[in-house]
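Pulled these features from Swiss-Prot for this protein:
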- 1-56: topological domain 'Cytoplasmic' (TOPO_DOM)
- 57-76: transmembrane segment (TRANSMEM)
- 77-119: topological domain 'Extracellular' (TOPO_DOM)
- 120-140: transmembrane segment (TRANSMEM)
- 141-146: topological domain 'Cytoplasmic' (TOPO_DOM)
- 147-167: transmembrane segment (TRANSMEM)
- 168-177: topological domain 'Extracellular' (TOPO_DOM)
- 178-198: transmembrane segment (TRANSMEM)
- 199-204: topological domain 'Cytoplasmic' (TOPO_DOM)
- 205-225: transmembrane segment (TRANSMEM)
- 226-243: topological domain 'Extracellular' (TOPO_DOM)
- 244-264: transmembrane segment (TRANSMEM)
- 265-357: topological domain 'Cytoplasmic' (TOPO_DOM)
- 358-374: transmembrane segment (TRANSMEM)
- 375-380: topological domain 'Extracellular' (TOPO_DOM)
- 381-398: transmembrane segment (TRANSMEM)
- 399-405: topological domain 'Cytoplasmic' (TOPO_DOM)
- 406-426: transmembrane segment (TRANSMEM)
- 427-440: topological domain 'Extracellular' (TOPO_DOM)
- 441-461: transmembrane segment (TRANSMEM)
- 462-478: topological domain 'Cytoplasmic' (TOPO_DOM)
- 479-499: transmembrane segment (TRANSMEM)
- 501-521: transmembrane segment (TRANSMEM)
- 522-540: topological domain 'Cytoplasmic' (TOPO_DOM)
């Protein structure tokens with residue numbers, strides 16, 4: 001049995017490592033208990049500065065992109081379902097028979113889905129995503145971030161199978177989409193969380209933003225495939241037109257699942273939940289492009305475990321029981337002001353949807369028709385292309401501007417373009433010039449959303465919470481995002497039919513509220529560790 005020797009951290013904290021661990025930078029036997037610990041994450045500013053400038057981030061960036069691929073299936077569903085439900089073969093397969101009587105008293109039989117059926121098929125996905133995010137994302141604490149994503153991919157494939165085997169029964173198709181949504185909902189929590197915990201310290205914000213980039217890429221690819229299928233398979237009996245997007249879902253899930261094999265597990269999960277410190281050291285070193293023997297690795301582990309070491313002396317049975325009771329609702333009752341952090345996270349997620357972005361993707365088709373672009377498939381490709389290309393810039397600006405600044409700057413620009421859109425649409429005459437203005441404003445709105453609110457929302461929310469409550473807190477925030485997504489997609493057509501472009505003023509009011517809310521309550525989390533964020537909520 002190897003002897004234990006203390007290692008003196010620069011802050012005065014002593015961690016107990018084995019002598020062979022200090023020599024080799026790795027080991028298997030640690031005398032560390034990691035139960036009921038409080039989180040003390042890395043000091044991003046200080047530690048990132050200490051990492052060698054020679055550290056190569058090519059492999060870490062590639063591995064982060066692999067993690068972010070988990071968002072592709074989310075975008076793929078968004079990009080394919082709208083076009084699928086409009087395909088003639090889809091309507092013939094799942095619709096009910098309608099008898100049409102023309103002027104010459106000839107009866108024509110067609111099959112068509114009702115608006116209610118289409119609404120249920122599309123919106124059930126949003127509801128089930130919210131349910132999956134809220135109820136099953138905790139699995140990431142039980143079997144790891146990677147294991148949780150693999151579980152979600154299996155659920156996703158089961159949902160695809162149900163849809164393919166629905167045999168023309170729209171309610172079975174809806175059930176399949178519900179199961180698929182549960183799987184996707186889990187990924188919307190675990191993928192940003194995994195990215196936040198595994199990204200190189202120097203570029204964490206940018207790497208978390210790649211999740212939104214991959215989502216928009218999935219939307220674009222789905223739109224392009226729909227366009228190809230609609231052009232190539234016009235015969236109502238050619239079910240391959242709507243089945244191909246579903247079959248490809250298997251391929252994406254397999255690619256994502258196999259790629260994750262090469263990604264190390266989250267160092268926070270390994271060290272603080274699984275109690276596997278050697279693997280945590282390896283993970284941190286690999287994802288920051290430094291050797292496992294680098295002093296930064298030891299310092300990072302020390303920072304993760306410091307609070308646990310300080311709490312070991314009070315680790316008796318009665319206090320264990322009190323901690324268990326406390327931890328049940330710690331995400332609300334914990335300090336410092338975790339309830340306020342949860343409210344901030346929920347509001348940011350809600351405001352992302354209330355910005356009106358999905359209104360543009362829904363109503364943009366009508367605007368493009370005004371200048372002769374009447375094909376909804378082409379319109380979708382144009383809008384999703386702007387969204388994807390702009391998100392690439394967002395990866396840079398989220399890190400450059402800072403998270404709160406990005407939120408304020410983005411919402412201010414979105415407010416301007418939403419007001420312009422609503423005013424021109426409401427009071428402008430229907431001319432080619434006004435339609436061109438509306439198209440330009442639409443693209444500008446999507447551009448500013450893609451470089452600010454789109455990526456920064458998940459980055460900021462993922463950094464608000466300590467590790468001990470991050471899973472449940474992010475699950476609740478993501479659930480709110482999905483519920484507002486569902487409500488807006490459900491209510492927008494009805495509201496537009498009543499007040500038309502004036503709906504833009506409602507979204508503008510929400511954006512103004514976001515600016516005020518962000519200015520007063522949202523903290524700047526860029527390059528701040530948990531202790532620094534704690535001081536913001538409880539100033540000493």
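FYI, residue positions are counted from 1 along the chain as it appears here.
Glycine is no exception: its Cβ is also placed from the backbone N, Cα and C atoms.
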Are there residues at least 6 beyond the ends of the transmembrane segment (147-167) whose Cβ is under 8 Å from a Cβ of it, and what are they?
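Non-local partners: 70, 73, 94, 132, 136-137, 139-140, 173, 175-184, 186-187, 190-191, 194, 243, 246-247, 249-250, 253, 256-257, 260.
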By a Cβ-Cβ criterion of under 8 Å, what residues six or more beyond either terminus of the transmembrane segment (479-499) are in contact with it?
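Those are 119, 122-123, 126-127, 129-131, 133-134, 185, 188, 346, 349-350, 352-354, 358-359, 362-363, in sequence order.
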Just give the helix, strand and coil counts over the topological domain 'Extracellular' (375-380), going by DSSP.
5 helix, 0 strand, 1 coil
Please list the DSSP helix, strand and coil residue counts for the topological domain 'Cytoplasmic' (399-405).
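Within the topological domain 'Cytoplasmic' (399-405) the tally stands at 6 helix, 0 strand, 1 coil.
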Any residues 6+ beyond the ends of the topological domain 'Cytoplasmic' (141-146) with a Cβ under 8 Å from its own?
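For the topological domain 'Cytoplasmic' (141-146), the list is 190, 193-194, 197-198, 260, 263, 265-266, 269, 273-274, 471.
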Counting only pairs 6 or more apart in sequence, are there at least 3 Cβ pairs under 8 Å between the transmembrane segment (406-426) and the transmembrane segment (501-521)?
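Yes, since the transmembrane segment (406-426) and the transmembrane segment (501-521) share at least 3 Cβ pairs closer than 8 Å, they count as touching.
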Report, as numbers and ranges, every residue of the chain located at least six residues beyond the transmembrane segment (501-521) whose Cβ falls under 8 Å of a Cβ in that stretch; write 'none' if there are none.
340, 344, 347-348, 351, 354-356, 359, 404, 407-408, 411-412, 414-415, 418-419, 421-422, 424-426, 492, 495
Might you confirm whether the transmembrane segment (381-398) is in contact with the transmembrane segment (205-225), defined here as three or more C-beta pairs under 8 A between residues 6 or more apart in sequence?
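Counting Cβ pairs under 8 Å (6 or more apart in sequence), the transmembrane segment (205-225) reaches the transmembrane segment (381-398), since there are 3 or more.
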Hey, which bits of the same chain come close to the transmembrane segment (244-264), Cβ under 8 Å, at least six residues off its ends?
63, 66-67, 69-70, 72-73, 76-77, 80, 84, 146, 149-150, 153, 156-157, 160, 163-164, 180, 198, 222, 225-226, 229, 279, 282-283, 286-287
Grab the same-chain neighbours of the topological domain 'Extracellular' (226-243) for me: Cβ-Cβ under 8 Å, and only residues 6 or more beyond its ends, written as numbers and ranges.
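Distal contacts: 79-80, 82-84, 86-93, 164, 377-378, 380-381.
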